[in-house]
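**Q** One structure, pasted below without further comment.
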Amino acid sequence: MQHFPIFLDLADRPVVIAGNGAFALAKLKLLLKTTARLTVFAPEPEADLLETVTAQGVTLHRRAAEAHDLQGAALAYAAHGEADADARFARLARGAGVALNVVDNLEASDFITPAIVDRDPVTVAIGTEGAAPVLARAIKTDLEASLPTGLGPLARAGKLFRPRAEALPFGRARRDFWADYYFRTGPEVLAEAGEELLDHALEALLQQHLDAEQEPGRVDLVGAGPGDPELMTLKARRLLDAADVVIHDRLVPAAILELARREAEFIAVGKEGFAPSTPQDEINAHMIRHAQAGARVVRLKGGDASVFGRLDEETEALSAAGIDWSVTPGITAASAAAAAIGASLTRRGRNSDLRLLTAHDTKGFADHDWRDLARPGAVAAIYMGKRAARFVQGRLLMHGAEAATPVTLVENVSRPDQRIVTATLGDLPQTLSEAALAGPVITLIGLAPARAQAVLPDLLEEFA
Ligand code: SAH
């Protein structure tokens, strides 16, 4: 982020615009939304500009700006649309230490003006670092269509009522009140009774919320999927959005955590790679403590919460503590990896069952029905299998599996740094060590990528 978005208080502050024509007029119109003190420098103002300046009572000087004109200005706009005139004005602004925008000249500007959706006092500013104005305008059009025009009156009444709402305890109670107002009661009252009655409605609603009993805390155990935020369920997103506390595995990427409210409390637990993990008792204690304090807790787990996620240990602890809980499924790494290579996990005539296995259990390398897994056509997805590759290979070959059995390793499934590595059972340990996979890896035994482009990232890397 090169340009940091802020909202600048321009009330009664001097702002200088220099230019004769359409560019200056465009900036002027935008700035007329504020209560800044506007001054336009235009030696030869065009008719449209002159008309707006006169109609709005803006100060106009029919000359080029001089150094003293910029003293104390909050902002300056070089809007001549001519390089020489803009450069001259820019020097003056620089000399006076005033933040400058040169229209259509990103490099010469200190700040850029975003695309704006105006539902005063609600203002949405959209920026693309100057990279794609077309995109910014498209987003603006979308937002214009989706933000009700009633948002302005709702927010104005809401703003005045803020001190009264402090009668509700800070946190969820107050948030629920405002959500009720903005998304349910407010729009209804506005549509049926008009803006004047919003204040009454707020008062009545506040009373209702003060009288209502505090909902008890709870824990929702939610599968976050393999990493791509688009692979989350709508329910997971909704729960995350409502959470007061998010207790998440370290595997859950920032792009997903950002979907929670900024004020939510985040607690990272679990383990990364082979680093020591947070003891299960400690995780349980976090959940119970926050839920007992009345918080809505989301326990966010990578993939699906019920696959190698110690789900039962957590739900049993919650039940024992008398805390209400629910489970929301997520896309497990095996499903996402199969999708990444375009392959089917089951197939008529090839395999009618599918194993999800971990190569490790509490006692070390995990034992399985190797004879069954070694059958031709068998498919298994191995979780946490990186270090156990040689062990798994040895067991399978010993029980009669073919060395040519396809094996596909998918690292960081569904994330920007996803890698697909193809191997056979015979060369698995060697391929794995050559690939030096540092992220989480799912190993698909018995599956090869279904189409050429699935392996493209690998090939590209080889030829790079
Ligand atoms: N509950 C998770 C699994 C947790 S066990 C799920 O359903 O996916 C952790 C193991 O899952 C990792 O060692 C790795 O084998 C696998 N895994 C989880 N996320 C992954 C990802 N994005 N890419 C590759 N493997 C992943």
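Note that Cβ sites are derived from N, Cα and C of the backbone, with glycine treated the same way.
TrEMBL: automatically predicted annotations, no manual curation.
Copied straight from TrEMBL:
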type	residues	note
ACT_SITE	Asp249	active site, proton acceptor
ACT_SITE	Lys271	active site, proton donor
DOMAIN	151-206	domain 'Sirohaem synthase dimerisation'
DOMAIN	221-428	domain 'Tetrapyrrole methylase'
**Q** What count of other C-beta atoms do you get within 10 angstroms of the C-beta of Lys271 (active site, proton donor), across all chains shown?
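**A** So the Cβ neighbour count for Lys271 (active site, proton donor) comes to 12.
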**Q** Could you put numbers on the helix, strand and coil content of the domain 'Sirohaem synthase dimerisation' (151-206), residue by residue per DSSP?
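**A** When I sort the residues of the domain 'Sirohaem synthase dimerisation' (151-206) into the three classes, I find 48 helix, 0 strand, 8 coil.
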**Q** Where does the residue listed as 'active site, proton donor' sit in DSSP terms: helix, strand, or coil?
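**A** Its secondary structure by DSSP: coil.
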**Q** Averaged over the whole of the domain 'Tetrapyrrole methylase' (221-428), what is the pLDDT?
**A** 93
**Q** If one looks at the chain holding Asp249 (active site, proton acceptor), which residues at least 6 apart in sequence have a CB under 8 angstroms from its CB?
**A** Ala224, Ala268, Val269, Gly270, Leu300, Lys301, Gly302
**Q** What three-state secondary structure does DSSP assign to Asp249 (active site, proton acceptor)?
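**A** For Asp249 (active site, proton acceptor) - judged by DSSP and reduced to three states - the answer is strand.
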